[in-house]
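Novice: Can you read through this structure? Questions will come right after.
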Amino acid sequence: MTSTFNPRECKLSKQEGQNYGFFLRIEKDTEGHLVRVVEKCSPAEKAGLQDGDRVLRINGVFVDKEEHMQVVDLVRKSGNSVTLLVLDGDSYEKAVKTRVDLKELGQSQKEQGLSDNILSPVMNGGVQTWTQPRLCYLVKEGGSYGFSLKTVQGKKGVYMTDITPQGVAMRAGVLADDHLIEVNGENVEDASHEEVVEKVKKSGSRVMFLLVDKETDKRHVEQKIQFKRETASLKLLPHQPRIVEMKKGSNGYGFYLRAGSEQKGQIIKDIDSGSPAEEAGLKNNDLVVAVNGESVETLDHDSVVEMIRKGGDQTSLLVVDKETDNMYRLAHFSPFLYYQSQELPNGSVKEAPAPTPTSLEVSSPPDTTEEVDHKPKLCRLAKGENGYGFHLNAIRGLPGSFIKEVQKGGPADLAGLEDEDVIIEVNGVNVLDEPYEKVVDRIQSSGKNVTLLVCGKKAYDYFQAKKIPIVSSLADPLDTPPDSKEGIVVESNHDSHMAKERAHSTASHSSSNSEDTEM
């Protein structure tokens with residue numbers, strides 16, 4: 001049976017900074033990891049990749065049934081060359097329909113044994129193991145989580161032990177000897193046993209762990225590889241965001257979008273009976289996380305409405321209900337990470353943006369004044385006649401951009417910006433690792449308004465020392481627009497396309513030590 005199918009081996013090579021020139025994605029109601037949008041004359045086209053191909057193996061690793069983010073990560077880690085084993089779309093669908101073992105295609109028996117168990121989850125001697133960090137959400141039952149914490153002589157960190165059979169921890173996916181990386185979004189790799197126990201106690205009746213299993217932890221220590229929290233598996237979480245796709249009806253989509261009061265962000269309200277919104281599964285009080293694949297977590301009400309309208313006669317929303325939102329906030333993860341794990345363009349094999357949760361439910365009350373004071377700030381600026389009224393500065397050779405020379409009474413001053421504030425996000429996009437010029441361009445391209453997440457120098461140093469991700473949810477929410485209580489109907493007779501004005505005139509100068517642009 002397998003001899004009737006002919007997979008192709010495609011070897012792609014690119015230059016540093018170049019893209020492979022294709023998209024790797026998954027699609028609704030379509031099986032497999034699909035190759036899409038193969039660019040003309042790109043490394044992908046030259047290697048023989050075609051639109052609709054399904055990726056079976058990456059560098060010999062069988063990936064057909066693995067999570068999309070893991071497949072993306074394998075390509076990303078391949079550097080400037082990667083070998084893909086692919087099957088054309090028609091053959092793939094026939095193979096699936098006739099239940100052909102896709103692992104056997106294009107592989108000798110010897111090759112099959114090399115690396116099929118690299119990706120997670122796999123069964124190893126009856127025990128499930130993983131090769132990436134994973135989030136586990138525990139809700140206490142009968143006053144117990146069903147686990148204990150231990151330290152191991154000669155090893156740094158705290159580990160899971162005494163897992164109660166069929167207890168809360170086991171059902172949540174916790175394994176014996178798991179290395180505990182985070183408690184409620186806070187890194188605890190350098191914390192003592194007593195400190196970790198105290199954090200878990202303070203968490204109350206629910207807690208979120210970021211864990212890695214024993215074997216994976218051992219490999220990372222031996223290879224001196226640091227875990228990236230944004231690669232964490234969300235598979236074990238009991239509540240997940242929902243992707244809602246709608247086509248506009250004669251009376252619009254049939255819902256109101258309202259700025260939340262208790263809940264930060266934009267909330268779905270007053271869904272019309274029988275409307276496209278109701279039929280697509282949208283629910284009252286859903287929080288909008290993304291519109292047509294773009295995060296809207298830090299955008300204001302009018303901007304989100306405009307993004308929906310720009311979608312024309314159809315739109316795709318990533319939404320969460322209150323329970324799911326609270327769970328993700330506890331982990332300091334954005335629900336947008338779920339969208340990225342489902343479908344991520346990978347022609348450029350780009351890094352996933354740093355998580356930017358919409359809001360944060362504090363898992364334990366701060367017990368010191370120091371913790372209360374350490375907050376980032378969300379600042380919304382409206383451009384004046386002379387720009388935004390601040391200079392953007394960066395130290396050559398060092399990451400990060402920061403605020404200088406805030407003009408008294410200017411837009412930046414009125415929005416709460418201060419000298420030495422470090423810029424974390426521009427319009428919801430994390431820019432900490434972006435070059436100075438790109439940060440400048442993002443601000444200038446924002447038109448007449450820009451939303452910045454910034455952090456004072458002392459607070460920034462504190463978060464860095466504690467390994468706490470700086471996210472918008474830690475900041476106080478922006479003021480709710482005065483008309484938000486009335487709601488805005490997203491419907492067909494409002495389809496204006498507001499062109500964003502790009503600022504062309506900026507005063508700038510540079511020296512041997514810094515680069516400085518007036519906004």
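Heads up, the Cβ atoms here are built off N, Cα and C, so glycines get one too.
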Novice: According to Swiss-Prot, one residue in Ser148, Ser233, Ser359 is annotated as phosphoserine; name it.
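Specialist: Record says Ser148.
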Novice: Starting from the Cβ of Ser148 (phosphoserine), draw a 10 Å sphere and report how many other Cβ atoms land inside it.
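Specialist: So the Cβ neighbour count for Ser148 (phosphoserine) comes to 13.
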Novice: Where's the emptiest Cβ shell within 10 Å among the modified residues Ser192, Ser250, Ser334, Thr451?
Specialist: Ser250
Novice: Between the Cα atoms of Thr451 (phosphothreonine) and Ser334 (phosphoserine), what distance do you get, rounded to the nearest Å?
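Specialist: Distance (Cα to Cα, whole Å): 18 Å.
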Novice: To the nearest whole angstrom, state the Cα distance for the pair Ser192 (phosphoserine) and Ser250 (phosphoserine).
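Specialist: Distance between the two Cα atoms comes out at 61 Å.
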Novice: Helix, strand, coil: count each for the residues of the domain 'PDZ 2' (134-215), based on DSSP.
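Specialist: Counting residues per DSSP class in the domain 'PDZ 2' (134-215), I get 17 helix, 28 strand, 37 coil.
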Novice: Can you give me the Cα-Cα distance between Ser334 (phosphoserine) and Ser148 (phosphoserine) in Å, rounded to a whole number?
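Specialist: It is 29 Å, counting Cα to Cα.
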Novice: Write down the Cα-Cα distance for Ser250 (phosphoserine) and Ser148 (phosphoserine), rounded and given in Å.
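Specialist: Each residue's Cα considered, Ser148 (phosphoserine) and Ser250 (phosphoserine) end up 58 Å apart.
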